[in-house]
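This report refers to the structure that appears directly beneath it.
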Amino acid sequence: MATVGKKAAGGGGAGAAKKKVQRQYSAVELGDYLIGSVVFVREPEKEELYVKATVKSINGTQLTVDVDGASKTVDVSDCLNANVGLDPSTVVDLSKLPHANEACALEVLRERYVRDLIYTYAGRLLVAMNPFKLIPGLYEPSNITKYQNADTSRGFPTDVPPHTYAVAQTAMDMLRITKENQACVVSGESGAGKTETARQLMQYFATSKSGTGGAKIQEIILGANPLLEAVGNAKTLRNNNSSRFGRFVMLDVAPTGGIHGGVISSYMLELSRIEFQGQGERGYHIFYQMIKGLKPDEKEKCFLKKAEDYEFLNKSGCYEVETVNDLKEFEDVRQQLKLLYSPEEELDYFKCLSAVLLAGNIKYQNTQAMGTDKAAKLMNEGDFHNIAALLGADTAALNEDQATIMIRSMAKELYSTLFDYIVKSVNKQIQFDTDSKPWIGILDIYGFEFFQKNSYEQFLINYANERLQQYFVQQVFQAEKAEYEAEGIDHSMIVYSDNAQVLEVFDKPKAGVFAYIEEQCLIQTGNNSEFKSLERKNKVKKGRKKERKSEKETTGTSESFTAACHKNIKNPCFQIPKGDARLLFLIVHTAAPVTYDTTEFVPKNKMRMPNELLVAFKAANNVCMKSAFDEIEIPDTKNMRGKFVGSKFQKSMTGLMNTLKSSNAHFGR
């Protein structure tokens, strides 16, 4: 979860929290050093950001220092105080360091990491560093017992080493004592180990002091992890088991351990991964698992092919993952499905997944039919009829462009609905009244992402991370102020800034990116009343009427959306890249500046299944299909405000933040 002693991509951004407390930064000042003092010198050109040096002489603001036997002159502004006479590997809480600057913190984390001490506290935060290996004894049942008996009366226990188990036990004890909701918030960049940390927390909550357990509800909750990872995780270049969705699980935890109920909420499954993966990546695990793991007669009923035969899977060149056993994990998936569904519905679920894969193979060409010369003629009728048979649904003739768009839209929307159906099915078996009983929540959500090309998925993921960052800063510093007040200590020296300015870029009413993309999507739906309303609200000038004819050709496109953002968003955290930026903008995030390619922003924000397909799916004779679509309403296309992807995601994030604010937070990063 942290890059130890190495240069982190991007560095601090515009929204980084600042706290002016004397020992917080501990920079070297002119009157603060002596010849012979040990300092850290910033070395930005090297992989390690800071090196230790000894001061040899002083000349104004210049220091001559000895670095590994070599003499070097540096400015005092490039130096930080070092902790002398302290073994960094023995430090369990970074907030207790005499000099708590970034160089000292990195030194502690690095020295602990090389000794397999991957957990360190930083005040109210547990810092976890991914070891990329299994550390013997760290997660043994005997280790759980140590933490169950730990003293958490003053926060994280000091009688046992830092651990995710310490966070879990602290949350359990606070739940028991205060009868208030608790939340374990796990954050970090992609590949940092968030999913594994969340799994450890849940396993700890499931372990009872009495040793009893194995109840069906707990079995389903724990079994939901491999099932949700199968349908929601995939191999990326940075992570062999990357979560491509966010989830918040509220658990009914007994005072002495054991889970008696739960509610799972999911957030924004990455749908583009269904039809495209980068070189060396994979689609969702479940596709490869069922291709390998279904029995021959089941494969025949599902019309399954080899992974190499699917357009949705064969572009990345990756079908196997060295550290992933698809067959073994599929056994866990099937065991969980048997707890949720009848044999018929379980098979129908796999039929639906097979239909998703086959949809990528469908090709059309234009032909004369039905009074038009642009009717769609199937080039591979066999696969198309197999899809219809698998889903038990009717199909309709369309022109080539519509058919290609619809079949891919259908595949993504179908997979999304099947994913949601899994979550609903699990909740149906485990749910409890979260309003009448206090709960412990575990948040495992996608980390900040920054690729060579960043599209709408990264935009939404990074927005979620900014919302979480704001929540974290407010919780930590407001809590510290409250402690100062309780002890009668003046806290006027504590000054911090959150990332409100960054968030304004996203969701400022009528003037943020979400507002402009919603506007473009409303215009593209062809709803004239919406278009006129938007024109009035934006005070369109009379001269605009002359432009309207030519503008209709680009209205609703990602290019016009981007132009609106360029013209109207006045915020230092929103920038226009140099060069041809018609489909680009840059946001200075808390973690790093990110340039977004907006080419697919509008179509991805609009993405929904056509109503005629929804009607067909609701009438399907595939049991799983019919159940999954049964509660989905057919939208009114004349009133789409607030129903696009971005609007719904904004709303879900606001709901999540409100839920978190109703709890006492425990942070892991």
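Every residue number used here counts from 1 along the chain in the order it is shown.
Backbone N, Cα and C atoms are what each Cβ position is placed from, and that goes for glycine too.
Note: TrEMBL annotation is automatic and uncurated.
Taken verbatim from TrEMBL:
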BINDING   Gly188, Glu189, Ser190, Gly191, Ala192, Gly193, Lys194, Thr195  ATP binding site
COMPBIAS  538-547  compositional bias 'Basic residues'
DOMAIN    89-669  domain 'Myosin motor'
REGION    534-559  region 'Disordered'
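According to DSSP, Lys194 (ATP binding site) is assigned to a helical segment.
Shown are the binding-site residues Gly191, Gly193; of these, the residue with the fewest other Cβ atoms within 10 Å is Gly191. All protein chains included, Lys194 (ATP binding site) registers 27 other Cβ atoms within 10 Å of its own Cβ.
Gly188 (ATP binding site) falls within neither a helix nor a strand when secondary structure is assigned with DSSP, and so counts as coil. All chains included, 21 other C-beta atoms sit within 10 angstroms of the C-beta of Gly188 (ATP binding site).
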